[in-house]
Amino acid sequence: MLKQPSAFLKPSLSLKEILLNTPALQQRIAELEAELATAQQQISQLQRDQTLFQGVVEHMPAVLVVKDLEGRFMMLNRTASMASNLTPEQAVGMNDHDLMPPEIANAIQARDREVASSGDPEFYEDTVMIDGKLDFFSTVRFPIRDSQGQVYATGTVAVNVTERKRLEQDNVLFRSIVKHSPIAIGNAPMDPPELNYVNLAYCQLLGYREEELLGLPITEVFGEDPAFINATFQECVTKGTWTGEMRYRHKDGRLIPTLLVASVISDDQGQPIGVTGFVQDLTELKQQAGQLRLFQLLVENAPDGIVIADGQGQITYANRAYHEMFGARESLVGHSALELLTPEERERMTNIWATHMLNKDTFVEQINYRRVDGSTFPAQCSGLVIRDEHEQIVGYATINRDLSEQLRAAEERQELQEQIIMAQQAALRELSTPLMPIAEGVVVMPIIGSIDTSRAQQVMETLLEGIAEHDAALAILDITGVKVVDTQVAGALIRAAQAARLLGADVVLSGISPEIAQTLVHIGVELREIVAKGSLENAIAYALERHRLDHG
C-alpha cells in the first residue's frame, strides 16, 4: 500500500507561515518529492506483481474462471480458454448453459451460489462436458469481495483429473479382477521377501485368511527346502521370470502340487521392487494325468486290438495288439482304416458306420479283416462314434478281437461234440438193444421200453449183426420190458424174425404178458414164423434143449 502523504493532505503550516518561511516550503517540497518517489516505486512493484500474477494465472495448468453472481463469465485464463475452445473475449458474458448440457450447468451454478452465499471456499469434484466428452475436475470455489467486503463474484480453480480418475478406475477394476481371479496370485517385495498381497484364490488354495498370510516369509508357504526357495527367488529376480512346478504347503500340512509362473515387478526406472507369482493348482490335473497314464497302460497292453480314427477314417492311434493282429511291423497311424478291410467288407462297414452315425449308438459286428501280408481273418468288432460337446463327429473307435482261434476251437468242439453224440448213440443202442450169446449158436436180446420206428430199425440191425457175428441158429427176443405193443411194434418183430430166417436163424419171442397177448390177437398178428414163450426162462430152456438136440 502507498504511504499516505498525511502532511500534504493536512498542512501543519498556515499559508502565512509558508509564505513567510520559504525554507520550510522548500523542505516540504523535498519531503513530498521523496514521498512521490516512494509511491512510484510502490506502483512499479504493484505493476510487476500484477504482471507476475497475470502471468501465473494465464499460464498455470489449472483452469481459472471468474463469474459474476448471475453466473456470467467475467474472466478465463488461457487453460480455461483452451478447454472451452473460446477466447476470453468470446466467453465474457456467456454462462455455463451456453457450453454444457442443462443438468451439468445447473449443478455447477448451484455450487457457485453455495460459495457466494456462505462466503467460504469449498472443494468439489465437477463433471464438465468438453468437446462432447465428460471430463472430471478437482475444483476449489472461492468468493471474490470488493473493497467493502461484499461478494460480487466467484472464482473457480480446477485441475483436470480425468486421467487420474481413469487410472483410479482402472486400478479398482484391475484389483477386482486380480482379487477374484481363479488363478492364485501373491506378491512379495524384494527385501524382505514376505507376502504383501494375496488374492482370494491364493487364500483358498492354502486354507488361510488374508490377514494370516500377509507378512509371512515366502519360505513358510512353500513345501520345498527354504534354501531352494530363496535361490529360486533370486534366480527369478536375475532372469526376470521363473516357471516350474512347485509344491505349496496347505495350512493343514498337506503338500499341494502347483505350476508357478513368477515375474519381477519393476518401478519406473526399471529397478525390481518385487516378485508376483501366478499359481495353478495341479492336484486334479495330476490325478487326471495319473488316470490317463493308467488307461493308456491298460489300452496299450489290452489283448484286444484297439484303434481310433479321425472323422475322415485316418488312424490316429492303434495299440500293440492291433499292430500284432495285422502283422504290421511299422506304425499304422496315418493309414486309412478301410484299407484293412477285405473289399467286400468295405461297403458293408461304410453303411454300418453311416447308420450308427445317425443313431448315435454303438454296434458289434463280425468282420473279415485283411492283414498286411494279404491274408484274412475274422474278428469281432465293437465300434462307437466319438462326438464333441456339440455332438459333432470327431472320430471313431473300435475294439477288435481275432476270432480265428475261437472259431477253430468252436469247429473242433463241434466235431468233438458230434463224435461224442455218435458214441453216445452207439452206447445207447448197445444199452437199449443189448445182444448176448448164451450158448453156442444161441443169442438173446432183451428189449426194454417203448419201440418207435428208429428203435425198431435199430433192433433189426443189432439182431442181424449179432446173428451173423455169432453164427447163431436161434435168437431170443425178450419183450418182458415192453409195456405197449401195437401194430407198429408187432410189424417190427415180424420183420425182424423174417430177416433172421434169411440168415438161417429161428426167432423165439419171450416175455409176452396177457395184456400183450390180447393186443396181438386183437390186431390180428400172425406169429407162425415165431416160437412164443411166456418167459425168458422158458425161452432159454427151449433154446438150450434145441441146441442139445441139434448137436447130439
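Placement of Cβ uses the backbone N, Cα and C atoms for every residue, glycine included.
Worth saying up front: this structure is predicted, and the values here are computed from it rather than measured.
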Annotated stretch (coiled coil, per TrEMBL) among the listed ranges 15-49, 190-224, 295-329: 15-49
Same-chain residues at least 6 beyond the ends of the domain 'PAS' (195-215) with CB under 8 Å of its CB atoms are 178-189, 221, 248-252, 256, 258, 274, 279, 281
Considering every residue in the domain 'PAS' (49-119), what is the mean pLDDT value? 86
